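Undergrad: Sharing a structure here in structure tokens format.
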Amino acid sequence: MRSWPSRGASLSPASTSSAAPAPPSPAGGAELGGRSLPRLLPLAAWASFVLNVVIIATGGAVRLTGSGLGCSEWPLCTPESLTPTPEMGIHGIIEFGNRTITGVLLAVALAVLLILLHGAGGRRSLGSALRFAAGGIVAGVVAGVIAYAVGLPTFVCFSAVLLLVVVLAAARSLNITSHRRDLVTLAWLVLVGVVAQAFVGGITVLTELNAFIVGFHYVASLVLVCVTAAFLVRMYEPEGPRGLAVPRGFAILTHVTTLGIAIIVLMGVLTTASGPHSGDEDVVRDGFDATLLSHLHAWPGYATLVLVIALLGWAAARRLRPLRWTIALLALLLVQIGVGIYQARSGLPPLAVGVHMVLASLTAASMTVTVLRLKRPVAGSGAE
């Protein structure tokens with residue numbers, strides 16, 4: 001069993017920048033109230049991260065192969081069948097495969113949370129979460145039955161009620177959890193996000209692939225990749241006070257770069273929404289000028305590249321904590337720009353567009369880790 005990272009003592013604002021790093025334990029983290037890191041947690045957490053990246057790839061495949069309406073209903077594939085029928089062809093298989101991964105993703109997100117709650121909060125936290133889960137399923141089924149009776153979208157109503165219960169469960173769990181609240185918060189965010197994505201997926205089908213809802217669906221998936229990446233970082237670090245480990249100017253430049261990454265992603269979503277890959281040949285695009293948007297997408301990309309190069313030069317000169325992840329960020333961004341230029345000059349081949357989508361999620365995840373490396377765990381200066 002690995003040790004849970006230790007919970008530091010309180011730290012006054014005046015001493016934050018000068019506090020010393022917390023000493024690591026032989027297992028990578030110090031004792032935390034006698035609790036230890038469950039062996040299955042790292043495996044489940046890494047699986048959650050990988051699956052959140054994979055579903056961006058499969059979601060992209062749905063869109064790029066015109067399979068967005070391969071299944072005409074949600075959660076059923078057809079009004080009579082849960083799974084695609086032979087006459088639906090490859091489009092139904094691709095869309096149903098993406099939906100299947102959603103179920104696996106939900107199960108893994110729930111597993112991460114339950115393993116964590118058992119390790120950090122004991123039976124009380126775990127029992128509370130399980131009771132809310134059972135109650136949420138019952139409430140969702142009741143809402144679905146009522147929706148069916150009055151002619152409303154059954155699964156959308158079920159998902160909405162389940163999402164509300166999950167949010168309430170998260171609030172209750174955080175209120176009674178005393179250890180590793182950082183990890184518990186991130187685990188709940190992932191679970192809430194996955195349930196919300198199921199709800200948005202239903203809305204996407206009901207609106208017949210509205211370009212803006214599809215774009216939101218992608219951005220939400222990318223955010224989940226970033227949250228799962230943050231969970232992995234914090235899982236291997238102690239709980240408690242954290243002090244700035246870099247010059248303040250470097251931290252400011254990093255946050256400006258983060259804004260640049262966000263702008264690139266949003267402009268990329270708008271560009272794709274105006275392009276030929278709508279998810280179905282009959283879907284109406286958003287009406288924007290695709291050529292203009294492609295330039296508005298590229299310019300922030302080049303500006304952000306300059307910012308990342310500046311970050312790398314600064315981090316290398318001062319041997320700063322985020323150095324390795326700044327290198328990874330630059331490498332991913334260079335590949336991403338290369339793929340973007342290739343696809344723009346080659347008529348947007350579907351495979352290149354799909355790679356571009358996945359690389360965007362990995363770039364955002366690297367940016368997330370770089371930001372988290374700006375601070376380090378510190379020992380409480382007031383502790384004697």
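Positions of Cβ are set from backbone N, Cα and C atoms, glycine also.
Keep in mind the model is a prediction, meaning the values are calculated, not measured.
Dumping what TrEMBL says about this protein:
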| type | residues | note |
| --- | --- | --- |
| COMPBIAS | 1-20 | compositional bias 'Low complexity' |
| REGION | 1-30 | region 'Disordered' |
| TRANSMEM | 40-62 | transmembrane segment |
| TRANSMEM | 96-117 | transmembrane segment |
| TRANSMEM | 129-146 | transmembrane segment |
| TRANSMEM | 152-171 | transmembrane segment |
| TRANSMEM | 183-206 | transmembrane segment |
| TRANSMEM | 212-233 | transmembrane segment |
| TRANSMEM | 245-270 | transmembrane segment |
| TRANSMEM | 299-316 | transmembrane segment |
| TRANSMEM | 323-344 | transmembrane segment |
| TRANSMEM | 350-372 | transmembrane segment |
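In the displayed structure, how are the listed features positioned relative to their neighbours?
TA: For the transmembrane segment (129-146), the residues of the chain that approach it from at least six positions outside its boundaries are 110, 113-114, 117, 154-155, 157-162, 165-166, 168-169, 172-173, judged by C-beta separation under 8 angstroms.
Among residues of the same chain six or more beyond the transmembrane segment (152-171), those with a C-beta under 8 A of the stretch's C-beta atoms are 74-75, 128-129, 132-133, 135-137, 139-144, 146, 188, 191-192, 195-196, 198-199, 202-203, 206.
Sequence-distant neighbours of the transmembrane segment (183-206) (same chain, 6+ residues past either end, Cβ-Cβ under 8 Å): 48, 52, 68-69, 71-75, 99, 102, 105-106, 109-110, 112-113, 116-117, 120-121, 125, 153, 155-156, 159-160, 162-163, 166-167, 169-170, 173-174, 177, 213-214, 216-217, 220-221, 223-224, 227-228, 230-231, 234-235, 239.
Sequence-distant neighbours of the transmembrane segment (212-233) (same chain, 6+ residues past either end, Cβ-Cβ under 8 Å): 45-46, 48-49, 52-53, 55-56, 59, 63, 68, 112, 183, 186-187, 189-190, 193-194, 196-197, 200-201, 203-204, 265-266, 269-270, 272-273, 279, 286, 357, 360-362, 364-365, 367-369, 372-373.
A Cβ distance under 8 Å defines the sequence-distant neighbours of the transmembrane segment (245-270), meaning residues of its chain 6+ beyond its ends; these are 215, 218-219, 222, 286, 288, 293, 296-297, 300-301, 303-304, 307-308, 310-311, 314-315, 318, 320-322, 356, 360, 363-364, 367, 370-371, 373-376.
Only residues 6 or more beyond the boundaries of the transmembrane segment (350-372), in the same chain, are considered here, and those with a CB under 8 A from a CB of the stretch are 49, 52-53, 56-57, 60-61, 64-65, 218, 221-222, 225-226, 229-230, 233-234, 254-255, 257-258, 261, 264-265, 268, 272, 277, 311, 322, 325-326, 328-329, 332-333, 335-336, 339-340, 342-343.
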